[in-house]
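The structure appears below as structure tokens.
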Amino acid sequence: MNKIRSLRCLLPETITSASTAASNRGSDGSQFSVLWRHQILDPDSNIVTYWNHVFLITSILALFLDPFYFYVPYVGGPACLSIDISLAATVTFFRTVADIFHLLHIFMKFRTAFVARSSRVFGRGELVMDSREIAMRYLKTDFLIDVAAMLPLPQLVIWLVIPAATNGTANHANSTLALIVLVQYIPRSFIIFPLNQRIIKTTGFIAKTAWAGAAYNLLLYILASHVLGAMWYLSSIGRQFSCWSNVCKKDNALRVLDCLPSFLDCKSLEQPERQYWQNVTQVLSHCDATSSTTNFKFGMFAEAFTTQVATTDFVSKYLYCLWWGLRNLSSYGQNITTSVYLGETLFCITICIFGLILFTLLIGNMQSSLQSMSVRVEEWRVKRRDTEEWMRHRQLPPELQERVRRFVQYKWLATRGVDEESILHSLPTDLRREIQRHLCLSLVRRVPFFSQMDDQLLDAICGCLVSSLSTAGTYIFREGDPVNEMLFVIRGQIESSTTNGGRSGFFNSTTLRPGDFCGEELLTWALMPNSTLNLPSSTRSVRALSEVEAFALSAEDLKFVAHQFKRLQSKKLQHAFRYYSHQWRAWGACFVQSAWRRYKRRKLAKELSLHESSGYYYPDETGYNEEDEETREYYYGSDEEGGSMDNTNLGATILASKFAANTRRGTNQKASSSSTGKKDGSSTSLKMPQLFKPDEPDFSIDKEDV
């Protein structure tokens, strides 16, 4: 005997009884049948929850089906009733299908575990998995109610009881049919309402959206109107049949004319006796609901005959009866004119009471469902009104108020009032990590520096990222201000510019798009082995050109990640950092420009000296020294090429070179005199500041980390 393996590998979220065992089967099909036979389901599993939703919908549709039996009898001729065979067969078919679902629901309850009452002291409680205990508990509680709801009583009444009635089949409007249907509504209601509460307890809601919840409550109200309209129609037919029966009894008592019960059945219309009786009887005149001289009091049921509802086709008949039920249920029966007939009076009282209860429940439930849609909108309106009052109270300038309004509006459009951070923090760590990885991993991988990291550190970075919103015109960083976070752009465009510390005539700008990042000064600061607590200053001004959505990585989190990453040193990482850093790019571009200009000036001076072959080339006068020459040759190599100029431009070129040399020499002399202590206020203004090389991060391994 082998232990049957768990069904978790075949069906998700199902539980197999631990005490169940079976012999080893030869084929997979036999094993699968054994597994299904001994399978015990978790009441909170997805398969049970899905079945509860399906069975709830089926049960409500079955409640809609039963009142259609009331439309089977109709007035088929003068003083006779008939039955709609096609309607009866259609309703019977669908009602049988609904009964099959009830049978399957009984089977599901026999295989669904329950929580032991004694184990509910802490947590969810312990599931009882023994099939015998489950069956005994179910037989003692809900089994009889489920069986009573499953029995095909309306089918038996309409197809067996009424046709087998004595003295013909005239009494098609027998009250037994209505009684059976209404009585069976009781166990079906005992099934639906606890099932509804069980679904809410398991999933938290019966409908996922507010509109679906409102439609569900409205559907229940329409169901009540549907039942009332069908009962009114059947009662009208029954009231008409009662009038015919009373007149027939009077005729038989006087022994003037024989009135057989079969004459009230439309099947006897072709009989000679029936035709003779129709010509001489007073049934038609005494039971005419459209006549005001009729002694029989039809009361509220006369409308069914004055509007010819009893003789029209099924669709028109059903829609009119449904409208009648909606009208009187919503008005609590105030428009009904009744007679002294006891059944009619009780029916009107029932309509009034149920109308008051159901209409109150409908308004309350629909209001709750629809308010859940607008609760965030209302909270946003209140917050926006408070913001407006605060700005007016503090007398903020109009342009600043407009920027605040744009930010509040953009935040609402981006989040719809949902606090994403609180949602993420309420989830387990593993699930939160997976969500952050899904949202941020592809964006972080676009950063070449982070693309060199392993998945573990990338997960750590993704877990530290938080969402950030900026409106157009907002300065994210200002040049010289401390940088406290690094931004990864998701949507929008950002302008990153620098003036090299306010240098006159210097301006460098670039546009950041989705996938780019800014605040790379933090990388250098974080990778320094002995970095201070002071945050680095921003070398660029970063301003949002449009509404920007981004992820932000704080300085503390980046410091932690960078410290962990120092163990994974790579020369490729250093090159990637230099190449993609806007700060290093700006320095490199300026360095190349400066070197190129020096090269062009030196080449021009060489050409002049070679042409004149005397003394117009003075390295000291042009501002170059041996150190500059060695630096240039180190980066660019020695110059071996010469050049020539056109004779027509030679004179102008010589004069220009002399002017430049004199100007440069005067500037150097003033700068040197200022450094030796001479007080000359204009000398410092002529000295041009240099573009400093950015600090290089330390990618080496510390001894203490080894």
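Numbering starts at 1 and runs along the chain as displayed.
Yeah, the Cβs are placed from backbone N, Cα and C, and that goes for glycine too.
Swiss-Prot lists 1-53 (among others) with the feature topological domain 'Cytoplasmic', giving sequence analysis as the kind of evidence.
The transmembrane segment annotation in Swiss-Prot covers 54-74 (among others). Among residues of the same chain six or more beyond the transmembrane segment (54-74), those with a C-beta under 8 A of the stretch's C-beta atoms are 81-84, 87-88, 91, 94-95, 98-99, 101-102, 104-105, 154, 158, 172-173, 177-178, 181, 184-185, 188, 191-192, 195-196, 199, 219-220, 223, 226-227, 229-231, 233-234, 237, 310-311, 314, 317-318, 321.
Residues annotated as topological domain 'Extracellular' in Swiss-Prot: 75-86 (among others). Cβ atoms under 8 Å from those of the topological domain 'Extracellular' (75-86) belong to residues 170, 172-173, 237, 240-241, 244, 263-269, 278, 281, 283-284, 287, 305, 310-311, 314 of the same chain, restricted to positions at least 6 beyond its ends.
Sequence-distant contacts of the transmembrane segment (87-107), counting only residues of its own chain at least 6 positions beyond either end whose CB sits under 8 Å from a CB of the stretch, comprise 51, 54-55, 58-59, 61-62, 65-66, 68-69, 71-72, 143, 146-147, 149-152, 154-155, 158-159, 191, 314. If you look up Swiss-Prot, you'll see 87-107 (among others) marked as transmembrane segment.
Annotation source Swiss-Prot lists topological domain 'Cytoplasmic' at 108-142 (among others), citing sequence analysis.
Per Swiss-Prot, the feature transmembrane segment maps to 143-163 (among others).
What Swiss-Prot lists as topological domain 'Extracellular' is 164-174 (among others), and the listing cites sequence analysis.
Swiss-Prot lists 175-195 (among others) with the feature transmembrane segment.
Taken from Swiss-Prot, the feature topological domain 'Cytoplasmic' covers 196-217 (among others). Mean pLDDT of the predicted structure over the topological domain 'Cytoplasmic' (196-217): 75.
Among the features that Swiss-Prot reports, transmembrane segment is placed at 218-238 (among others), with the record citing sequence analysis. A Cβ distance under 8 Å defines the sequence-distant neighbours of the transmembrane segment (218-238), meaning residues of its chain 6+ beyond its ends; these are 60, 63-64, 67-68, 70-71, 73-75, 81, 172-173, 175, 177-178, 185, 298, 300-301, 303-305, 309-310, 317-318, 320-326, 328-329, 343-344, 347, 351, 354, 358-359, 362, 366.
Annotation source Swiss-Prot lists topological domain 'Extracellular' at 239-345 (among others), citing sequence analysis.
Within the chain, the transmembrane segment (346-366) has long-range Cβ neighbours (under 8 A, six or more residues past its boundaries) at 213-214, 217-218, 220-221, 224, 228, 231-232, 235, 300, 328-333, 336, 338. Taken from Swiss-Prot, the feature transmembrane segment applies to 346-366 (among others), supported by sequence analysis.
Annotation comment: Swiss-Prot describes 367-706 (among others) as topological domain 'Cytoplasmic', evidence class sequence analysis.
Residues or ranges marked as domain 'IQ' in Swiss-Prot: 585-614. As a summary of secondary structure, the domain 'IQ' (585-614) carries 28 helix, 0 strand, 2 coil according to DSSP.
The region 'Disordered' annotation in Swiss-Prot covers 661-706.
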Study note, to complete from the structure: Lying 6 or more residues past either end of the transmembrane segment (143-163) yet within Cβ distance under 8 Å of it, the residues of that chain are 66, 69, 72, 88, 92, 95-96, 99, 102-103, 105-106, 109, 169, 171-172, 174, 176-177, 180-181, 184, 187-188, 190-191
Study note, to complete from the structure: Near the transmembrane segment (175-195) in space but 6 or more residues beyond its ends, with Cβ under 8 Å, are 52, 55-56, 59-60, 62-63, 66-67, 69-70, 105, 145-146, 148-149, 151, 153-154, 157-158, 161-162, 227, 231, 234-235, 238
Revision key, fill the gap. Taking DSSP H, G, I as helix and E, B as strand, the topological domain 'Cytoplasmic' (196-217) contains 16 helix, 0 strand, 6 coil
